[in-house]
Each structure stands twice: as structure tokens, then as C-alpha cells.
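A.B. asks: Handing you this structure, nothing more for now.
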Ligand SMILES: NC(=O)C1=CN([C@@H]2O[C@H](COP(=O)(O)OP(=O)(O)OC[C@H]3O[C@@H](n4cnc5c(N)ncnc54)[C@H](OP(=O)(O)O)[C@@H]3O)[C@@H](O)[C@H]2O)C=CC1
Ligand SMILES: O=C1O[C@H](COP(=O)(O)O)[C@@H](O)[C@H](O)[C@H]1O
């Protein structure tokens, strides 16, 4: 599962939304890094598309600026920019599509990737036009950014419409969390070691915590975000995918469908949360003015310039999986913007030993914990109890067996998009969501959204720079547990 250093076949990658935030901040730098490492052949083409009236040179100039800000090497940026092109197109209008089709059709042997980095409302128009021009044929693939729709119904409409143009085998629904190194490492850890599997069940695991905390607010994306909110933006996709990687049964192989079949079973086993229990099992919050990274920052409503929005910027959920392996094991999920630190981690907390042979004066026996840190510094820690060294009698200490990827391997790990984009070019959909997974995730999320809407309650306010509303702390403390606080 490690990224292959071998070059991929020459390709044409068309980024619809080529001037947008995601393309500029993530996709173009990801492509640049893979190019700089020699994985992208010189005959490949990267074509940005948006309505803005730029030409190739204008687009190259803005791409150069973004790459330089990202720390790129000047001569490599110059070489990379020769691959970069731009076409001004409106997904909803006919002008310019003939020329675009001729440009793409000119390289019939290339793998063609259409990356839809636009609002999902444009996916259907774009796919229909690609179909009209026959650009969906041959080695063509389409990448759909998340969230796919805003509920099960709209996701089905999008998937049906895309499916009339692109076969499921050509469709790559991206969830960039699946491209993160630690997430893939979870597969290696669980299925490449004999140690964990015997303990990986309700008999030995007390609970699991999944936290994705951001310090940033919604910033320029307030328009999009206010229609989404944290449950649609983060939980329905990223956090549920992480939960699946923790909870799935061993797949028969790493083939795309073997892995996705197992994730689907987990999603379908999630216990229903609806108006009968949403107030006990979920907490929603919205940030107010406060401080982030030492600076005072405005509240969500000020950023939005709308003082009535009920959109949540924080969610905590106590989820449960109704199957033999996980019965009774809570999965506490939380995510939010403007929290005190940027940290994403999965914490697996094991049960206490059944009986302590130690004198109370030796200290407290803490539960074993496996902490998989996705960011900012990717590492894995296994917390164990040992004897404090030295002659002072038997005193217990809780220490971590530590593996920092940067220290162990001496390299910066590639960004998730670097790996995932090349997986699309190679035609490997293992780390992408199949249609039925997206549907199952919405099937779980829809009743929660409905319960919140029906309750008429506003999200609970929290001050920027804190860990969300106090109710999120109560959600886990009611069960006699606490959120993981190891920030070493
Ligand atoms: N930004 C992020 O961090 C993340 C974003 N995503 C997803 O990626 C997608 C893109 O997000 P983001 O980059 O933030 O969005 P932006 O709003 O920043 O960019 C939207 C892009 O679409 C183009 N566009 C808009 N309307 C049309 C049209 N009619 N025809 C052609 N192009 C059009 C815009 O250019 P112009 O107006 O000139 O046409 C712009 O290039 C969304 O689905 C989002 O949910 C997912 C994960 C993270
Ligand atoms: O998909 C999204 O993810 C980002 C967080 O991604 P990360 O890799 O920086 O952790 C989030 O900010 C954004 O709102 C969401 O759409």
C-alpha cells in the first residue's frame, strides 16, 4: 500500500474548478510534488477549467504563485508549468466546449481524468457535456469531490446522473482522509501484525475516539459551508470512513471491492440515531468570537454576515455499531472548526486488566491506548504500563511506545491528494468510496439532520479556541470516560 515511486502512464487531467480553493491549495501542489519526484511523464497535461477569462499564461502565473508559496523549487516549477493549460468554460453553457473536446480528443491514448472540483450542483451538467462529446469513452475516469449531495435523495440524483455517463468502474468518489498515511497504516497495523486482531473486539476494547479538530474557521468558504455544516462536511464522509477503517472485518485481500465490501457492512451496521435519541447521542455547536493561535478571531455569524444561521461548526456523536465484534463499544466522534489545536487522531482505548496485583501505593493502572495521529505530525503511539526505573520499589508508569513517521523514515509524508490522484491515473479505486458506501453513510446521517431540524434548537455556542460546547465533554463523561488529552 505504499506509494509506488514508478512513473504513471501519460495522462490528461482536467480540473473543473481549476481556479478554486481546493485546486490551488491542494490539487496543483500535489501534482507538482509528484512531478518533481519524477512520477508524472512530460507528455502529460493538466488543464484547469473555470469561467474566469484566463489564458494558459495567466493560469500558469497564478499556479506559479501558489507553488512558490508552497515552497516549490524554481526550475522544477518552470518545467512543471509546461504541462499546465487553461480553458475558460462554463459548465452550464455551450461556448467553448467544441474546442475543449478537440483538445482532449487530440490525445486518445492518454488516460483522461476529469476531476470535478466544483460545487456538486455542477456535477450533472459537466458529466452530461462530457458524455455529449464522447469524452467518457476509453481510459476516461471521473473524480467526484465530496460531499456528494446534501442528503440521500440528492446523492442518488447525482449518482444516477453521473452513472448515465460514466460506469461505476470509471467513477472515483474521493475522500482525501483515506489517502492519509496513518489511515493506510491502520490497515498495515491491524492486518500485518498478529498482536492486535485477538484484542480488536468488544471483549477487549472499551471504546474508540475519533477527533478531527481544526483551528481554522470557515473563512472564504462560508457560502458553501453554511449549506453544509460539520455533519455533512466532515462526519458523513471523513469521520465515518475513519470509523470504517477501525471497525471493518479483515478483507479477503486489498482488492478495491474486498475492502469496500467490508466498509459497507460497518456503515450498514451503524445504530440509528433519530429524534428519539439525538439529544442524548449528539451535540452540535457553533463558534463565537474568541482567540485562535494567539489572535482574536470573529465568530461564525460575523464571518457569514448573517446572524440567523443555525449551521453547526462542531459536532460530537456517540455512535455504535450493532454487530458481534462491536456490540456495546461506543465510538465517540467529534470534529469542529476554531478548536484550540489542529489535531486529527484515532484513539483505541482498551479495557482495564481484570484484576490488579499491585499495591495501591504503586500508582494507578491506566488502560492501554493505541493512538493513531493523522496530523499534524503523523505517528502511532501505544501506551503501556511499565515499572518506573530505579531502586525505589515498584512504581507503575504509563509510557508510550512511539513511532513518529518523520523520525523513523526521515521523510515528509506525501499529502493525501498526491497519492489519490495517482491512484486514479493508475485505475486503482481501493481508497475511493463506492456508491453504496455513500448511500449508507447518508442513510445514517439523514435522520440526525432531520432530528436537529425538527427540534428547532440552535447549535450550542462555544468560544473560538475551546474544545466545543461543554455538552461535548458531558457526552463522554456521562459514560465515565474522557476525551484523549495526550498532546505530547
Ligand atoms: N476547499 C477545500 O478545502 C475542500 C473542498 N472540497 C470540495 O471541492 C469542491 C470545490 O471546492 P472549492 O475549491 O473550495 O470551491 P471554490 O468555490 O473555491 O471553487 C469553485 C470553482 O468552480 C468554478 N466554477 C464555479 N461555477 C462554475 C461553472 N458554472 N462552470 C465552470 N466552473 C465553475 C470556480 O471558478 P469560476 O467562478 O471562475 O467559474 C472555481 O474555480 C467542492 O465540492 C468542495 O466541497 C472538498 C474538500 C476540501
Ligand atoms: O473536506 C474537508 O476537509 C478539510 C480538512 O482537511 P484536512 O486534510 O486539512 O484535515 C476541512 O477544512 C473542510 O471544511 C472539509 O470540506
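One-based numbering along the chain as shown.
Each residue, glycine too, has its Cβ placed from N, Cα and C.
Given the structure is predicted, the values throughout are model-derived calculations rather than measurements.
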A.B. asks: Do you know which of 151, 233, 306, 359 TrEMBL groups with 176, 180, 214, 337 in the substrate site?
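C.D. replies: Checking 151, 233, 306, 359 against TrEMBL: the substrate site match is 233.
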A.B. asks: Tell me which of the recorded positions 51, 146, 238 ends up closest to residue 180 (substrate binding site) in space, Cα to Cα.
C.D. replies: 238
A.B. asks: Return the members of 51, 180, 233, 337 (the binding-site residues) with CB less than 6 angstroms from at least one atom of ligand 2, or none.
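C.D. replies: Those binding-site residues that pass the cut-off, since their Cβ is under 6 Å from ligand 2, are 233.
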A.B. asks: Measure from the Cβ of residue 146 (NADP(+) binding site) and count the other Cβ atoms within 10 Å, all protein chains considered.
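C.D. replies: Excluding its own Cβ, the number within 10 Å is 21.
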A.B. asks: Say you check the Cα of residue 214 (substrate binding site) against those of the recorded positions 51, 146, 238; which is nearest?
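C.D. replies: Minimum Cα distance from residue 214 (substrate binding site) across 51, 146, 238 lands on 238.
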A.B. asks: What is the interatomic distance between the Cα atoms of residue 238 (active site, proton acceptor) and residue 51 (NADP(+) binding site), given in whole Å?
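C.D. replies: Cα-Cα distance, residue 238 (active site, proton acceptor) to residue 51 (NADP(+) binding site): 30 Å.
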A.B. asks: Please give the average pLDDT for the domain 'Glucose-6-phosphate dehydrogenase NAD-binding' (14-185) in this predicted model.
C.D. replies: 95
